Amino acid sequence: MKSLRTLLCCTALVAGGSANATDLEVTHWWTSGGEAAAVSEFAKAFDASGDKWIDGAIAGGGGTARPVMVSRIIGGDPMGAFQFNHGRQAEELIEAGLLKDMTAVAEAEGWKDIVNPPSLLDACTLDGKIYCAPVNIHSWQWLWLSNAAFEKAGVAVPTNWDEFVAAGPALREAGIQPLALGGQPWQSSGMFNVLMATVAGPEVLQTIYGEADAELAAGDEMKAVFSAAADARELAKGSNVQDWNQATNLVITDQAGGQIMGDWAQGEFAVAGEVAGEDYTCLPGLGVREIISTGGDAFYFPVNDDPEISAAQDRLAATLLSRETQVNFNLKKGSLPIRGDIDLAAANDCMKKGLEILAAGNTMPDVNLLNTEDTNNQLNDLFVQFFQDESITPEAAQERFVEIVRNKD
Amino acid sequence: MSDPGILAVTKAGTDPVRAQLDGPSGTRPRRLISRRNIFLYGTLILVSLYYLLPLYVMIVTSLKGMPEIRMGNIFAPPVEITFEPWVKAWSEACTGLNCDGLSRGFWNSVRITVPSVILSIAIASVNGYALANWRFKGADIFFTILIFGAFIPYQVMLYPIVILLREMGLYGTLWGLVLVHSVFGMPILTLLFRNYFTSLPEELFKAARVDGAGFWGIYFQIMLPMSLPIFVVAMILQVTGIWNDFLFGVVYTKPEYYPMTVQLNNIVNSVQGVKEYNVNMAATILTGLVPLVIYFVSGRLFVRGIAAGAVKG
Amino acid sequence: MASEAKRPIGLFRNLAAKIAAIPMILTALVVFLGGTLWTVTYSFTNSKLLPRADFVGFDQYERLWATERWQVSIENLMIYGLCSLVFSFIIGFVLAALMDQKIRFENTFRTIILYPFALSFIVTGLVWQWLLNPDLGIQNVIRSLGFTNFDFNPLYNPDIVIYGVLIAGLWQGTGLVMVLMLAGLRGIDGDIWKAARVDGIPMWKTYLFIVIPMMRPVFITTLVIIASGIVRLYDLIVAQTSGGPGISSEVPAKYVYDYMFQGQNLGQGFAASTMMLLAVAIVIIPWAMLEFGGKKRV
């Protein structure tokens, strides 16, 4: 059966060309200008072989798109492919037999050899079978700094987190908000996880989230993280904004010293005409440890009885990871490619820093790979409260943190 | 202050009411500038300012370029007026691949809204009528359940309804969506109609019964003509609700039927991409225009309907 | 009671009415009752992304009530609900009464006040977020006029943030209340006004003691519409504050959705919504018994 499928898929791949003309509906949540341009690279590549990409974009991220995807699948009228953050999110759909096993394509295309870091493919794998096609890498561990803000405050642009904290009072005195932080919960927990990965180290994060190690969560290493978080809270006090990009805008307009945010913040700087190194500085791993997490997006393929659709799903998966598509897509998306064997000459300074770290192998799994969304949601609740409410001591927050870790699944 | 055109229309519309209400107002002479009028219009204008202020911010923002918005003064009128955001919102903003803005989903929204509004109002008005005038045993129980239904957060019902529609063979079709809208509109609308019909003079109903008119006869010949205003309220509720619906539209259909709000959501609600506030505002106002037109047009119906009812009552 | 005047017993009595009510009966039983039972049943499971019949007893409820965010949510809903109800009724009724004074440009005024009802919550929330932002909005403008001590910063003060949401909520919703009230006012017999004037009853007294009692059915409709909107309050919070600062403007419906779709913990979401529905049932069932038990029309 498996060999037959492999055979079928490869015939389809070989056949290529205009012989295939299948409409394949793809659901995703990439809708802003840059994102849409990136998606169109996928569609162009897919359509080139005669197939047709039917676009089903739903903005709002997982919270909005997820019920749509799940409804379509349990309603018995699934789309051809859909975007998910890879990680533990899709486990249940796989267990329920609703997602297609893509192992045959992966083997035919040699994904095992080309996907870098290999953890990305592991995230798609359950019981030895591959269920998804990773398409990009987004990392969280970046500190974005406004050069002009530090100049105005009369201090040098920090090169790491400690210098940044030390510069806080000077910034305040100059009427500058030291650290910008938006009010949405995911920003707070994201920032905490970055502090955890850089202050305590990626191994600690991996052990606590990956193995639910409550003892480590209660230990001194985490105590240091919580004290760093308290510093961050002090610095972030007074940033009255909600959206992450409003916070980024404070940095762009030099009203704030810095922001901890994922690499997508780069897009905002680019649109505002800012130049990396001149107008702003990016510190991967907060300048403490040069490390980036390899979260990102992946596509899953619901089981479909129609052999034509099924074959088209295979073709799409192969297309998404092809060298050319990866270059074109990621340049527009501002994310890093999942293949180690391509050259992004056109990348800007910050992206290049990221690529170097990636090439050096200084990566860690994304929190999504270790936590269920349920746990992430509880962390959101805890940290949004911690960062906004000064009455919660770091010790009390750590206690609640330990509870969440202990009960996580 | 006084635009003769508008005045004339309004006056024509309210005339029968005026005729009744003016009556012997006696001691109070009607001058344009009286203390009463200053208070009345003063209050209304103040209130209108509160309602218009956010709208002003939206319009001003929609006419600015992004660099100007980044400067951060939300009240400042645009230095350089640009209609680019409006054009972009209507016909250029990308939803994934399809860069044709809101215009893409406009007709789908119409195709969804028209049958949904008609069907839901038709069902609910007959329900309300049956509950008000033809009460049968057990009707109150169903009605209570229905009212209870008005309080259920509908996201909770998403998955059961997916399964229901799948079993009925309607999942993914336009009619499935129309049905869902009718079902979720039913509690409030039934309540609206029931309470309105119970407040109509009962003698009319009794007289028609004596004349031998049946269930449908009374509904069409007596109840309908007397109930224009409540139909207008129902229409305002439903047009707004269904036109602005996003969740049902995406969960129960597929991309070929996606309503305009999917594009609106895609324009205003991107999570990690760059946010263009000016286009967001333009898109929101554009989407709101259809209900606005309905409000304005039906407002006149509103007045006349009442007048008709008042005359008969 | 017309329908009770002559009352032949049997299934076929009122047949047309019963047939006409079939859609309503099906909706009530299959969708609302069925859906509620389904929700309650699955609230006792540990369903995550997909509904699964894996029963865990009261675990979800224990976790729910141990969660600080849920308690904050309920408290906020109480405050918001009470204020929203009172202000919606007062503002809505007063505006409707003003509209009913045979004013000029009634249609224009009415449309202005109703228009916010047509706008998407996402952007409504965003605009109010700007207006109430201390550095961008009203506070900034008034300070720049010279009143440097002016303090108006509801969205970033955990103690009053819910009132900041209320301002936007009223902006969005009072137009509809006004229209409902206006429909009610217009349904009142013109002779009553005449009679009151002839008797020399002041206008406010006529409203308070004659007109308002006559509008009971409209008030009940309005009450249900406002109350159901309060219970389901979600989008506005998401758009305006995302529940912040911290968790100080969280509401129950947001808890339900966040756990159902964001947190992929359907069981937890169902448990929370079951508690919400239970609260609603506690209010509605006695009301229905009172309303229908007496066998009289409203």
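Here the Cβ of each residue, glycine as well, is placed from N, Cα and C on the backbone.
The annotation transmembrane segment is assigned in TrEMBL to C:21-44 (among others).
The annotation domain 'ABC transmembrane type-1' is assigned in TrEMBL to C:74-289.
Taken from TrEMBL, the feature transmembrane segment applies to C:77-99 (among others).
Packing against the transmembrane segment (C:111-131) from elsewhere in the chain are residues 95, 137-138, 155, 164, 167-168, 171-176, 178-179, 235-241: each is 6 or more residues past its ends and has a CB under 8 Å from a CB in it. Marked as transmembrane segment by TrEMBL: C:111-131 (among others).
Taken from TrEMBL, the feature transmembrane segment applies to C:160-185 (among others).
The transmembrane segment annotation in TrEMBL covers C:206-231 (among others). Residues 77, 80-81, 84-85, 88-89, 92, 97, 173, 176-177, 180-181, 183-185, 187-188, 192-193, 196, 252-253, 276, 280, 298 of the same chain, all 6+ positions outside the transmembrane segment (C:206-231), place their C-beta atoms under 8 angstroms from a C-beta of that stretch.
Look at TrEMBL and you will find C:270-290 (among others) tagged as transmembrane segment. Note on the transmembrane segment (C:270-290): residues 36, 39-40, 42-43, 47, 60-61, 63-64, 70, 231, 252-253, 255-256, 259-260 of its chain, located 6 or more positions outside it, place their CB under 8 angstroms from a CB of the stretch.
Beyond the transmembrane segment (C:160-185), the same-chain residues lying 6 or more positions past its ends with a Cβ under 8 Å from any Cβ of the stretch are 76, 79-80, 83-84, 87-89, 91-93, 95-97, 99-100, 110, 113-117, 119, 121, 124-125, 128, 132, 154, 211, 215, 217-219, 221-222, 225-226, 229, 233, 236-237, 240-241, 244-245, 248-249.
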